[in-house]
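Some features that Swiss-Prot has for this protein:
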{"type": "ACT_SITE", "residues": "Pro2", "note": "active site, schiff-base intermediate with DNA"}
{"type": "ACT_SITE", "residues": "Glu3", "note": "active site, proton donor"}
{"type": "ACT_SITE", "residues": "Lys58", "note": "active site, proton donor"}
{"type": "BINDING", "residues": "His91, Arg110, Arg151", "note": "DNA binding site"}
{"type": "ZN_FING", "residues": "236-270", "note": "zinc finger"}
{"type": "ACT_SITE", "residues": "Arg260", "note": "active site, proton donor"}
Amino acid sequence: MPELPEVETTRRGIAPHLEGQRVSRVVVRDRRLRWPIPEDLDVRLSGQRIVSVERRAKYLLINAEVGTLISHLGMSGNLRLVELGLPAAKHEHVDIELESGLMLRYTDPRRFGAMLWSLDPLNHELLLRLGPEPLTDLFDGERLFQLSRGRSMAVKPFIMDNAVVVGVGNIYATEALFAAGIDPRREAGGISRARYLKLAIEIKRVLAAAIEQGGTTLRDFIGGDGQPGYFQQELFVYGRGGQPCKVCGTALREVKLGQRASVYCPRCQR
């Protein structure tokens with residue numbers, strides 16, 4: 001599933017080609033995504049100029065002069081720029097044609113993504129209750145410490161809760177916990193303030209590094225420019241269960257936490 005760095009990579013790839021451009025037509029070949037694409041999307045968006053492309057959590061917000069297209073890539077979706085008129089292949093559900101001669105094409109083999117229209121996106125039900133962005137000053141270790149008090153759940157699903165902080169998905173939660181030396185199974189409410197301060201720093205560092213590397217290519221992800229991400233080469237623990245730790249050589253262990261695989265080093269993480 002594309003996580004925050006992959007979505008931010010997509011935003012950075014498509015924004016320069018969309019902002020300031022006028023939409024000439026929207027072609028929807030299949031409306032059956034996680035939620036049906038609005039039947040009047042072509043009418044609402046065609047003829048409008050795109051003002052900006054923003055990201056909130058893992059949602060892309062394509063802001064037009066009036067209204068916003070809210071897009072989510074789901075489990076296997078991607079948005080990329082192609083030449084106008086390029087024939088569509090299987091699973092290529094939507095084309096947003098631009099007067100510049102390019103079009104933004106949405107591909108989603110599993111159809112778990114979304115394309116919705118809103119006149120007030122930040123108050124849309126999908127975005128209204130989201131926590132702070134992890135790379136802003138609104139997120140820090142003190143927030144983690146305060147929100148964790150009295151919580152008996154494991155620390156990994158705690159930091160993956162979008163009400164706590166957005167965009168810390170499975171890959172980056174796994175890597176940040178390793179970097180902070182925290183066992184992902186530890187009870188969230190039992191971790192000290194000092195360790196949460198360290199964890200918040202590592203969450204920011206890991207996410208920033210992943211964005212600079214263009215995200216992590218695992219199975220389906222490609223960026224808005226059609227290029228893969230390279231952060232997979234930097235992974236210390238994610239997807240490496242049973243292999244030796246790159247720091248101490250101890251065999252990494254894999255457990256299930258919140259229905260997700262979690263890999264950790266029993267020596268480096270306490």
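Count begins at 1; order follows the chain as displayed.
Cβ coordinates come from backbone N, Cα and C, glycine included.
Structure coloured by features recorded in Swiss-Prot.
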{"residue": "Pro2", "record": "active site, schiff-base intermediate with DNA", "DSSP class": "coil"}
{"residue": "Lys58", "record": "active site, proton donor", "DSSP class": "coil"}
{"residue": "His91", "record": "DNA binding site", "DSSP class": "coil"}
{"residue": "Arg110", "record": "DNA binding site", "DSSP class": "coil"}
{"residue": "Arg151", "record": "DNA binding site", "DSSP class": "coil"}
{"residue": "Arg260", "record": "active site, proton donor", "DSSP class": "strand"}
Per-region confidence, the zinc finger (236-270) (mean pLDDT, whole number): 97
Lys58, His91, Arg110, Arg151 as recorded positions, winner by CB count within 10 A: Lys58
By Cα-Cα distance, the member of active-site residues Pro2, Lys58, Arg260 nearest Arg151 (DNA binding site): Arg260
Which recorded positions sit within 10 Å of Pro2 (active site, schiff-base intermediate with DNA) - Cα, from Lys58, His91, Arg110, Arg260: Lys58
Annotated DNA contacts His91, Arg110, Arg151, maximal Cα-Cα distance (Å, integer): 42
Cα proximity to Arg260 (active site, proton donor), best match among recorded positions Glu3, Lys58, His91, Arg110: Glu3
Nearest recorded site to Lys58 (active site, proton donor) by CA-CA distance, among recorded positions Glu3, His91, Arg110: Glu3
Other CB atoms within 10 A, centred on the residue listed as 'active site, schiff-base intermediate with DNA': 28
Rounded Cα separation (Å) that holds between His91 (DNA binding site) and Glu3 (active site, proton donor): 21
Rounded inter-Cα distance in Å - Glu3 (active site, proton donor), Arg110 (DNA binding site): 16
Position of peak Cβ density within 10 Å, selected from the active-site residues Glu3, Arg260: Glu3
